[in-house]
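First comes the structure, then the notes that go with it.
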Amino acid sequence: MGQLFKLKKKVRDEADSVETGLNNPGRKFHFDEVGVLAAVLVMVLLLSFGSPYFFSVSNLLKVGRQVSFYGLLTIGLSFVIGSGQIDISVGRIITLVTFVMAWLMDKGMNPWLAFCLGIMLGALCGLLNGGLSLVFNVHPMIITLGTTNLFWGLAVGLSNAKPIVIWQESSFLELGPGKIAGLPVPFFIFIVVAIIGHILLKKSVFGRHVLAVGANKQAAVFAGINEKRIRLSVMVMSGVVAAIAAGVLLSFFQTFDPNVGSGMEMDAIGAAVIGGADLNGGYASVLGAFLGAFLIGILRNGLVLMGVGAYWNNFVTGAVILIAVAVSTVLKTQRKS
Amino acid sequence: MSRKEVILELKNVDKRFGGVHALNNVSFSVKRGEVHAIVGENGAGKSTLMKILAGNYQPDSGKILLEGKEINFSNPHQAHEAGINIIYQEFYCFPALDVVSNVFAGKEISHSLFLNDKKMRALACDVFNRMGVNIDLNANVGNLSIADQQIIEIAKALVYEGKIVIMDEPNSALTDKETKALFDLIVRLKEQGITILYISHRMEEVFQICDRITVLRDGGYIGTWDKNEVDVPFAISKMIGRKLDEAFPKIVDLKVNDNPILEVRNLNAAGKLADINFSVRPGEVLGFAGLEGCGIRELFHVLFGIDACDSGEVLLNGQLQHIHFSTGAINSGIGLIPANRRDHGLIMRWSIKENISLVILKKLLNFLGLTNQSRINTLSSEYIKKLSISTSSADKAVLDLSGGNQQKVVISKWLATQPKVLLLDDPTRGIDVGAKSEIYLLIQELAKNGLAILFNSSEIDEVLGLSHRVMVMRQGRIIKDFQHEEADKHTVLRYVSGDILGTQQRESVKQNC
């Protein structure tokens, strides 16, 4: 009897530990993450039946690489959304930073140095986003809507909307197409950044403060948290992560294209929300966002392999994002009541 | 007058929420034109009952008769149509809209497509006149004080001709003067034949304003009494099911030779605080009395570093402090339990343990510099036990706790920082009698262990009952300082209300002349 009771209690505790996601930012696994993982697995299964080419190591690694670019953005965005803000300029930070890096490399600068300067520029872009929002007390949605055009206009204006091809020989440019531990380098970097982000958001004091500010700004202030500094830091983080993504993109494609980064912010926000991030702030999950990015990535890839054209591909992807969000919302409300 | 007809009758009303039996077979009746108090501890079922009457919830079983006809509201709009209006305790306003728009939110008057602003203004004007309050109809509600917002909430319910008005702690944010105006209004409404269901924790005012009193306990109906038949101790004993011990614990004597732990010298903040001087010793409970906006809250916020001051010195243990951000205050050993528990004190949807650990997270790290879950668990279970927070688990969201337990979580959060000085700003607001007396005991226990406590309360009896010294504040100044023995309620209240001017104030009046 005692044994059975203990077992029951254990099962119940584990069920609790999955269920009380919103209450406990420090928990190991949340309901959303388990849900997205299940959705990813179901999708892999379905697409494997849909196309014989889908379930192969080389194809899945290719998906991993494709996912990495906007996947990196989604990690920065998890912090931004968790703090109750939004950054829709990340796609255009990529355009601007890629241009500046390509231009510097074209002028003969060491690519690694150009990459470092690019990251600083990304930080500066984030600082501008966060700073303007704080100084004028305007919602970051509006600020980043403005800076989106600012960054894009700057990149296109300075480049005359012409591509720049990098001809330099450098270890930096061999990085993108290369592999580490059998994984494409962009994918490897994505995983590393995701792990760091996950630990930072769930386990560090900073991460907890980010979520506290997102959940209740005033209570955070009364708990001695410098909410302005937190809000600024996450915007800077988002800019830095976007700049890293820009560097990875450039080293892979070896070309600056004025359209690079376009629309990536939407996939990135979608992935974060599928992963459980609450756009009202107070909750986000890097693990969930990581899986969310995969969900979108394998779907796009699988549809291409099944011969679905690019236009309908967007339609189906959009529909799946909506369904994922709807299902997760319905389940969340049911659990609450 | 004596044989009034029954307007509202409840028969065997039952409501469950999951495993909680919120209302257990409740039956009673309300007469037309009476002020009927519903009292009980938190969780007794008062709010559930009112929400059923207002159409927010539907009963699982039982009947409700309004003027003899059975009613079955599926939403608040239907209740409103039937003539039942409610003033919520936790009210919601639209801060970006003006006063008139707020009064008519959701019930706007229009001709065809367009809003009838003129009529709404006239009606709003009328209702505020009837209430005897002066309010700028064009003001944005977000810029008004909590008290004014509460007045608007009351106006919302009164602007329509209703049969029954339900008031759920309508004066929890009002000053004494505004409360008096509210009571005058209740008397007038009663004369007009309107029935009032009045919910409150404050027994004195229940006896002052109500005709009959119904007591609920743990979801069950205990009884209804005519106010003249019973007294306050009787009602309280019915509410808690036992006799309440002496309301306030006996005050412990202070050690004579202790130096002050906190000293404040010549503190000034433009428009808020003027010339504040005082000191407090370890183990001392220093009470503050004053009206809303008199500067007590502002003083606490300056000491805690939320607000800035213009000049003055704060000394902790004899050392000068530069507190310009709350982190500074926390590091120096000052903790603040804010008056607004829901917005300032807690992150409502987070669990108990996440809330308790939030401020001292930096001290709960493992060797990698990351938060250590097991240390968080140990800390929270320690405080759940110490303050007897009643909950099934430390993982429960504080949203699901009663007001008293929520307040204990806030206090735990600050005790965990091991403060030397604790600022308690109205810690018993909106919590039930049982939890209140637990908080009193806790305050005394903390003081006995050497903590200096600055204590403010909207209930003057609490300040007088718990404090070694009482300081009266008015218009940003400390105008009088009482020892516990000499602080009798009548005198203190005369200072609080400005009936007697304190020394400093008299001087400033002279200077102005």
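Keep in mind that glycine also has a Cβ here, set from the backbone N, Cα and C atoms.
Quick look at what TrEMBL lists:
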TRANSMEM  A:34-55  transmembrane segment
TRANSMEM  A:67-83  transmembrane segment
TRANSMEM  A:90-106  transmembrane segment
TRANSMEM  A:112-138  transmembrane segment
TRANSMEM  A:150-168  transmembrane segment
TRANSMEM  A:180-201  transmembrane segment
TRANSMEM  A:234-256  transmembrane segment
TRANSMEM  A:282-299  transmembrane segment
TRANSMEM  A:311-331  transmembrane segment
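Here the transmembrane segment (A:67-83) sits apart from the transmembrane segment (A:150-168); fewer than 3 CB pairs are under 8 Å, leaving out pairs fewer than 6 apart in sequence.
Using a cut-off of 8 Å between Cβ atoms, the transmembrane segment (A:112-138) and the transmembrane segment (A:282-299) share fewer than three residue pairs, counting only pairs 6 or more apart in sequence.
Touching of the transmembrane segment (A:150-168) and the transmembrane segment (A:311-331) is ruled out by the presence of fewer than three CB pairs under 8 A, sequence neighbours closer than 6 excluded. Using a Cβ-Cβ cut-off under 8 Å and counting only residues 6 or more beyond its ends in the same chain, the transmembrane segment (A:90-106) has close neighbours at 73, 76-77, 113-115, 117-119, 121-122, 125-126, 147-149, 151-152, 154-156, 158-159, 164, 166, 168, 170, 238-239, 241-243, 245-247, 249-250, 255-256, 258-266, 268.
Ranked by the number of CB pairs under 8 Å to the transmembrane segment (A:234-256), the listed stretches A:34-55, A:180-201, A:282-299 are led by A:180-201.
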